[in-house]
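Participant: Per Swiss-Prot, domain 'Fe2OG dioxygenase' is recorded for 178-294, and the stated evidence type is sequence analysis. Residues or ranges marked as Fe cation binding site by Swiss-Prot on the basis of sequence analysis: HIS206, ASP208, HIS266. Residues annotated as 2-oxoglutarate binding site in Swiss-Prot: ARG285.
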Amino acid sequence: MSVLTLDFTKFHSGSEVERRAFGQALLDGFTTTGFVKLINHGFSKEEMADIFNWNQRFFDLPIDRKAAIRNDEGPKPQRGWSSLGAEKTGFLNPGGKLSLARASNNDRQDAKEHFDIGPAEDEEFQNKWPEEQTLPGFQETMNSYFDRSQAITLELLEALALAMDVPKDTFVGLCHGHASELRLNHYPSIPVKTIEEGKTNRIWPHTDFGIITLLAQDDIGGLEIQDRNHPSDFLPVNREDSTEFVVNIGDILERWTNGRLRAGLHQVTTPRSMQQKGNGTLPTRRSVAFFLKPHRQMSVASISHFVPGNQSPRYEDMTALAYQQLRTGIVY
């Protein structure tokens, strides 16, 4: 099982034939593995290096500066800084399935800290920023990266609708007044032995809460996706180019398509090259994840087009905000 690499220019500026071929390849990749890689999306190597530099600069801030914008834990969209181990993904996806139940893995710990923002114009759940003099230019850069990622992911939804032979706005039309989120992840260095003991992971197997995710990762390794041919196994997805994105299906797209497209189960753990090195230490790892999400009051029930006429929908009606609250509530 391998992850397809797609050239975004084939859809963004391609001919009608190229756009349809891109959409079909995207659908094939999502159907087979739940993941694709995306290149030539408009972010340069310099811009990607810059966002990772901001990642480092933010997490290098003194604890008291980060604590001043701490995320208020609970069942709501995350905003600001979450300390090491605050979020517990070991509670998610019992049995590796999309579920609103809480797993009983109450002794599992995450070895990561993260910083989350939503749309700049969000008045309901406002962003929390370091003071401008602390990190001059940080807020502007993050907001710009957010907006460009939003545009890319909306085009991917258009491509998917084209391949699935549904109206162009089937998915995109639910994203006006969106509630997308952007996250910086920092996984501090950690002894290999700590992870091998089985109580701590960089991030446990889980699916993402949104529609699709756009992930940029450094070259340290450790990202693994479920092998759908052998569901108890995971396969590494290493970075091959500094500008590539890993794109995966989230919960809401699985729900909208009535399970036709399945959310991609993934984890971050010890890279294969470091396994069985009990005395070794995993180096610091960084990533940047953009989570495309719909308007908060839009439904995340199965869309009627994907429900056969003689069957009931697999996923019940609830708003995107209610779904987010249920899922976020599980990890705290």
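Here the Cβ of each residue, glycine as well, is placed from N, Cα and C on the backbone.
Surface or core, plus neighbours and distances: that's what I need for these features.
Facilitator: DSSP assigns ASP208 (Fe cation binding site) to coil in the three-state reduction, outside any helix or strand. For ASP208 (Fe cation binding site), the same-chain residues 6+ apart in sequence whose C-beta sits under 8 angstroms from its C-beta are ASN248, GLY250, ASP251, ALA263, GLY264, ALA289, PHE291.
Around ARG285 (2-oxoglutarate binding site), taking its Cβ as the centre, 23 other Cβ atoms fall within 10 Å, counting all chains. Under the DSSP three-state reduction, ARG285 (2-oxoglutarate binding site) is assigned to strand.
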Participant: Quick one: DSSP breakdown of the domain 'Fe2OG dioxygenase' (178-294) into helix, strand and coil?
Facilitator: 14 helix, 46 strand, 57 coil
Participant: Any idea what the Cα distance is from ARG285 (2-oxoglutarate binding site) over to HIS266 (Fe cation binding site), rounded to a whole Å?
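Facilitator: Rounded to a whole number, the Cα-Cα distance is 16 Å.
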Participant: Can you work out the mean pLDDT of the predicted model over the domain 'Fe2OG dioxygenase' (178-294)?
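Facilitator: Looking only at the domain 'Fe2OG dioxygenase' (178-294), pLDDT averages out to 96.
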